[in-house]
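Taken straight from TrEMBL:
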- B:T220, B:D221: ATP binding site (BINDING)
- B:391-453: domain 'ACT' (DOMAIN)
Number of protein chains: 2
Amino acid sequence: MKVVKFGGSSLANGDAFEQAIAIIKDDSARQIVVTSAPGKRFKNDIKVTDLLINYANAVINHADYSAIQNEIFSRYEEIGAHFGVQRDQLSVIHQIIVELPNGDYPDDNFLMAAFKAHGERLNARLMALVLQKLGINARFVDPKEAGLIVDGEPNNAIVDPQTYNNLAAFDYSADEKLIFPGFFGFTIDGNIATFSRGGSDITGAILARGFHADLYENFTDVDAIFSANPSIVNDPQPIKRMTYREMRELSYAGFSVFHDEALIPAIEGNIIVNVKNTHAPEKPGTLIVPDQGFHPEQIVTGIAGGKHYAALYLHKYLLNREAGFTLKILEILNKYGLPYEHMPSGIDDITIIFDRKLISDDLVQKLCDEVRATVNPDSLEWIDDYAVIMVVGEGMFNRVGVAAGIFTELAEHNIRISMINQGASRISIMIGTYKKDADNAIRAIYQHFFPEK
Amino acid sequence: MKVVKFGGSSLANGDAFEQAIAIIKDDSARQIVVTSAPGKRFKNDIKVTDLLINYANAVINHADYSAIQNEIFSRYEEIGAHFGVQRDQLSVIHQIIVELPNGDYPDDNFLMAAFKAHGERLNARLMALVLQKLGINARFVDPKEAGLIVDGEPNNAIVDPQTYNNLAAFDYSADEKLIFPGFFGFTIDGNIATFSRGGSDITGAILARGFHADLYENFTDVDAIFSANPSIVNDPQPIKRMTYREMRELSYAGFSVFHDEALIPAIEGNIIVNVKNTHAPEKPGTLIVPDQGFHPEQIVTGIAGGKHYAALYLHKYLLNREAGFTLKILEILNKYGLPYEHMPSGIDDITIIFDRKLISDDLVQKLCDEVRATVNPDSLEWIDDYAVIMVVGEGMFNRVGVAAGIFTELAEHNIRISMINQGASRISIMIGTYKKDADNAIRAIYQHFFPEK
């Protein structure tokens, strides 16, 4: 049995629905379907999720929301009409949209979560209706009914392990398709809470694990995950097969095709993930497989980069004799709830690299002041121009010459290196450089490991 | 005015004393002389400091110590005889040796410190006597008299900043030589406490700073500090000039010519250090100079290596989302008072490198158990086969192609790299490899940066 998840652009309108349905019908093993909310139909279109956010804000601010209600419903109505689903069959969807403000929400955050979740929730309901209309034995399954329980914040929930017992006990027949909405679950108190954005991937992975799927197919709008960002490298090679941890390192550093957190249930259930293109389902896509027993065909699997970093550089004479030096700094970071990315340390120096998006200018100042006051460094420097490049590949482990290749290439392209970090992870080399050099560096490294035939 | 410090082998016997005295006489600016204890005269000889340790242990254990007393005195007597100093002139030295057990020591640690310190203390007294005998205006100055105050543990003291005021106020004339014993000072309660072993270098640096010396000459038994260990690299190039921080990084990773801690007073006083050979004082030796305004003549200054490392490797999925992960580990290290050397961190991995000499097998087990219980890693590995190589040079900063050169060379020599750490310090690259490959790696890198003419 396979779990199949469709992204927002794969369910944006009637044509997209048709392609998705063809995929569902094409393989009887595709029994569990996870829907996203309808995405953009054209460049400046608004996603249904964003309409629902506007709707929720209007409710919270006591503004008029009748127009938004109609706009939302019209998106589902349009898709339904494509398949000849009658308006009265869609009345349940209309009613749910209209009655959303009457729900009982503990606070505005839960209200927002519940509104947002309905993009997926109503799309799953619609998909079931359309499939039934086409004579397919399909059933809408609500996360509440299936026991998909979540904990944590209303808009940043995490799955409760009890979910897996509930799903294993869920009763369904071998000849029916189950249509689940992605993105959300229910708290133990019965409130809707959503995963972080892009969280339909997470629902798919949870279902794949809970139902012990043979494969988790993740349908999106690209042919595969590519070995480099196509907006930087011209026509990059698609990745046929990669391990969980390769995916994790690459998605961290900028590969955003498959949601990061969604790998956890897949890893826990040892489920192979197949990222594929809804519009070209005949292409093999990318397989994301367990780390164990993987035999890499090439040295480097992918090259990613991010320019949203900054670094705090500290120098203090005899730093490493002070047992508590790093500890004190980490305590300050912890106090501000500020995660750091990496922390290369030298004899008398330490560099702490941050995601610049997570740290305001104000916090930078506070942080520098407090570090200065607490550990009294001989010098302290805040470096705002910091890009990080990640070269990832299971094939790199214990192999001679990989670093030589990378750094010779960068030297030939006259690219200055501000940081090298290898050895924590065995399957990647992390390189720090200046923002202006980052894209050139990625192209140079790509060229080296993926020479043109 | 210059401070001149002689190492133990430079004051081991009459011939060595003669060479040291020639050096003192050769330059009238050499006004402050710091003595070590007499070192080995031949390969299997015992240093006076070690005799004093045996003496102290005999006293502590109520064993017979008369033979040791005589053995110690005979070392000074032998040197005195070389210069025709009469036995009765040495009676003060004999008396001090014999009366050592009658001192008033707070505990056995202070007793040990006081005994050890007398290797230097009596040698300074002897040097003053010999110089006077030779018609030179020389005065023995005891650290107590000069106000060299120390804090901390009796056998691991640190200088009290008040010392510098005391030294600045110390009265002496322009035509006299002051002979100071190295290695120790006095606590505020009047007890002798010693610096860590090799601490005569520290005394020299303290005096150089306190007396505002123009130069601190450190006489030892090698022509210079070499760019690589002569027991690994054949006939390595002497280093003419290096910065404080280059010295620090190299001495950390295995260069032991000049005592690490001795750099602090030199840095604080902006004192240039000149490491020279007592037996070849005409050679320029190595200058250790301030970091600022240094214009490196070459890319790499030195290559050092140590094989006494071990590493703890941890992998945990989504590790870097746990703000407290590293913090918890550092708290465990702090609890055991265990400093770590470096801590390269990846996305889901962290490697903590330790000085293996500081951690018993028992503690390794405890540490692994506690880390496992506290942070619950997905995998944990203790790596005992860990060597660290340090390539150091002010000339490396912001220079393109350095990493390329190093890693290409290592690849050609088929050397596997387990860690690269660059970017914390701007003037070094740290490389992890296997113990068996470490010497080859040093030779390969040396060859690259110091090609034979």
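Yeah, the Cβs are placed from backbone N, Cα and C, and that goes for glycine too.
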Give me the non-local Cβ neighbours of B:T220 (ATP binding site): same chain, 6+ apart in sequence, Cβ-Cβ under 8 Å, ordered along the sequence.
B:G7, B:S9, B:S10, B:V257, B:F258, B:V275, B:K276, B:N277, B:T278
I want to check the contact list for B:D221 (ATP binding site): same chain, sequence separation of six or more, C-beta distance under 8 angstroms. What comes out?
B:G7, B:S9, B:S10, B:N277, B:T278, B:H279
Structural state census, the domain 'ACT' (B:391-453) (DSSP three-state):
29 helix, 12 strand, 22 coil
Averaged pLDDT, computed only over the residues in the domain 'ACT' (B:391-453):
90
